[in-house]
Amino acid sequence: MAAASTPPRAERKRXSWSRLPGAQRESAGLAKKCPFSLELAESGPPSSALYAPVSPPSAPEPAPPASPASPAPPAADQGPQPPVSLDPRVSIYSVRRPLLARTHIQGRVYNFLERPTGWKCFAYHFTVFLIVLVCLIFSVLSTIEQYATLATGTLFWMEIVLVVFFGTEYVVRLWSAGCRSKYVGLWGRLRFARKPISIIDLIVVVASMVVLCVGSKGQVFATSAIRGIRFLQILRMLHVDRQGGTWRLLGSVVFIHRQELITTLYIGFLGLIFSSYFVYLAEKDAVNESGRVEFGSYADALWWGVVTVTTIGYGDKVPQTWVGKTIASCFSVFAISFFALPAGILGSGFALKVQQKQRQKHFNRQIPAAASLIQTAWRCYAAENPDSATWKIYIRKPTRGHALLSPSPKPKKSAMVKKKKFKLDKDNGVSPGEKTLPVPQITCEPPEERRPDHFPVDSHDGSVRKSPALLEVSTPQFLRTNSFAEDLDLEGETLLAPITHVSQLREHHRATVKVIRRMQYFVAKKKFQQARKPYDVRDVIEQYSQGHLNLMVRIKELQRRLDQSIGKPSLFVPISEKSKDRGSNSIGARLNRVEDKVTQLDQRLVLIADMLQQLLALHQGRCHGGAHPAQARDGDPADPELFLPTYEQLTVPRRDPEEGS
């Protein structure tokens with residue numbers, strides 16, 4: 001495969017543009033926004049260039065392709081042409097061996113140095129740590145007279161190697177920081193150099209250069225001034241933790257438990273001051289066996305207090321009198337207990353922080369599983385929607401232009417492309433086990449049409465991308481079963497054309513998509529359930545306690561609604577009855593009382609209805625001119641049945657005459 005030499009950007013763009021047909025120049029404008037140039041690979045002479053033998057379904061009969069050497073007619077006269085068969089992932093790249101971009105190399109170097117992940121990064125940084133540690137050991141040995149001669153000579157050459165190494169690494173770090181948007185340009189590099197860890201690296205390099213330049217006769221740390229700079233080389237140990245994760249963890253623990261630490265330190269400091277002062281008062285005139293006053297000043301007492309309450313106990317100063325010993329013992333028990341508390345607080349804080357990080361990791365695993373479950377559930381729901389937006393993700397986008405076909409790449413290059421894509425996905429944080437849901441592409445049988453004779457089938461088969469998610473729909477081949485079939489001009493193989501519009505989807509396509517979506521939903525549901533499983537007994541206990549708390553809240557809400565509906569017991573239960581029977585205040589007893597009240601109310605309503613019926617019958621009898629039977633019998637116009645019942649008659653039940661007598 002011949003590839004053109006790398007001309008300037010403008011000339012290469014003009015050459016690519018001139019080789020494109022008129023219908024493709026519009027689509028080639030997308031390459032202007034890409035940092036890579038759009039190049040067409042040519043294999044052999046231009047006459048041997050091949051087009052894809054598949055045409056869009058909307059075209060009834062494709063026009064024969066024009067030679068690249070001939071002038072391209074307008075797009076309207078040329079008619080629709082077959083789409084390009086290049087892989088969309090590499091359509092903007094040259095078919096030659098891909099050249100690594102400058103920004104891509106910067107990004108890989110930056111991630112390798114500043115964001116180490118993987119065993120290669122670990123091996124590199126661990127080796128640097130070992131070299132720095134060995135150099136530090138030789139620096140310590142150079143201060144011992146027994147090993148000074150051997151250590152200083154070896155240390156001199158090690159310092160030269162480390163200065164060159166750290167200086168080169170500092171320059172490479174400064175250069176690779178340009179892949180970040182905030183570190184682009186001169187001011188961006190200065191912003192990167194102002195980082196604390198970058199300042200430490202620069203100080204270490206400069207200090208090492210000063211040590212090597214001032215050292216005489218190959219002897220490092222020869223003068224007293226150079227020995228003072230030796231401390232700066234200890235800062236190389238900070239090179240191991242460039243991200244500052246250790247300091248951030250310590251700072252977060254101290255910030256979270258700042259109140260407890262401040263309280264314990266304050267009380268311990270007060271205990272130290274008072275104990276030192278009282279011991280000084282008791283021991284300021286005491287003389288030891290050698291005739292010397294041990295606590296001659298308050299500063300001596302403070303030194304004794306610090307050594308005692310921190311449980312160091314040098315033994316250089318000891319109380320001599322029994323009063324001083326008693327005061328020292330009492331205050332020591334009190335002060336030591338408070339000075340030991342910060343260690344326990346920090347230890348428990350670190351343990352809680354580690355546990356919190358583990359829970360956060362476990363929770364972060366649930367996020368992609370939950371997102372996949374929501375996505376698949378929505379797709380299952382949307383599969384019943386006949387709108388075109390539901391099915392657009394399964395439609396292959398038609399290319400706007402038409403380009404020349406290139407021979408299939410070698411297996412080695414395709415493997416390199418796959419490996420490169422895997423590395424890019426890994427750098428972007430996408431692990432192989434957490435890939436996004438695949439969207440299958442649907443292909444269908446194209447309409448019967450006349451193919452040009454110079455379109456070989458083998459080249460088409462190699463140009464169509466095969467994937468496990470590709471749904472292929474093919475018709476059975478025609479078999480020559482009799483002599484009449486021999487006269488038919490039949491195709492030996494049925495070609496598959498990608499579906500480019502929703503209207504081309506058939507019913508079996510939609511049914512297949514629904515089945516795939518349902519399967520994806522069940523798989524996502526299973527993964528989400530696995531991610532939701534607790535990984536610790538404490539999580540199980542926490543879930544049970546949270547569930548119990550929610551249950552109690554709901555029970556209280558139900559109790560409040562019942563009190564609002566049927567009333568509280570204190571509203572209709574006398575105080576004397578509350579102490580007699582506790583069970584009468586239960587919900588069942590209250591409901592029984594409500595039912596009794598409803599029954600009494602129903603009886604009253606029945607009585608009122610009977611009285612109203614009697615009044616209605618009396619009124620109807622008067623209207624017809626007839627006398628009321630009771631009036632004819634008694635003749636008493638003041639009969640109470642002739643009038644409406646009073647309030648007492650409705651509320652107080654009537655008594656029988658026998659009971660009244």
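Each Cβ is built from the backbone N, Cα and C atoms, and glycine gets one as well.
These come from Swiss-Prot:
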- 584-620: coiled coil (COILED)
- 54-85: compositional bias 'Pro residues' (COMPBIAS)
- S27: phosphoserine (MOD_RES)
- S406: phosphoserine (MOD_RES)
- S408: phosphoserine (MOD_RES)
- 369-381: region 'Interaction with CALM' (REGION)
- 514-528: region 'Interaction with CALM' (REGION)
- 1-119: topological domain 'Cytoplasmic' (TOPO_DOM)
- 176-191: topological domain 'Cytoplasmic' (TOPO_DOM)
- 242-259: topological domain 'Cytoplasmic' (TOPO_DOM)
- 348-661: topological domain 'Cytoplasmic' (TOPO_DOM)
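Long-range Cβ contacts of the topological domain 'Cytoplasmic' (242-259) within its own chain (Cβ-Cβ under 8 Å, at least 6 residues beyond either end) map to 114, 196-197, 345-346, 349-350, 353. Residues 366, 369-370, 372-373, 375-377, 379-380, 383, 437, 440 of the same chain, all 6+ positions outside the region 'Interaction with CALM' (514-528), place their C-beta atoms under 8 angstroms from a C-beta of that stretch. Taking Cβ pairs closer than 8 Å, the topological domain 'Cytoplasmic' (176-191) reaches residues 103, 106-107, 109-110, 113-114 in its own chain, all 6 or more past its ends.
For the topological domain 'Cytoplasmic' (242-259), the mean pLDDT of the prediction comes to 86.
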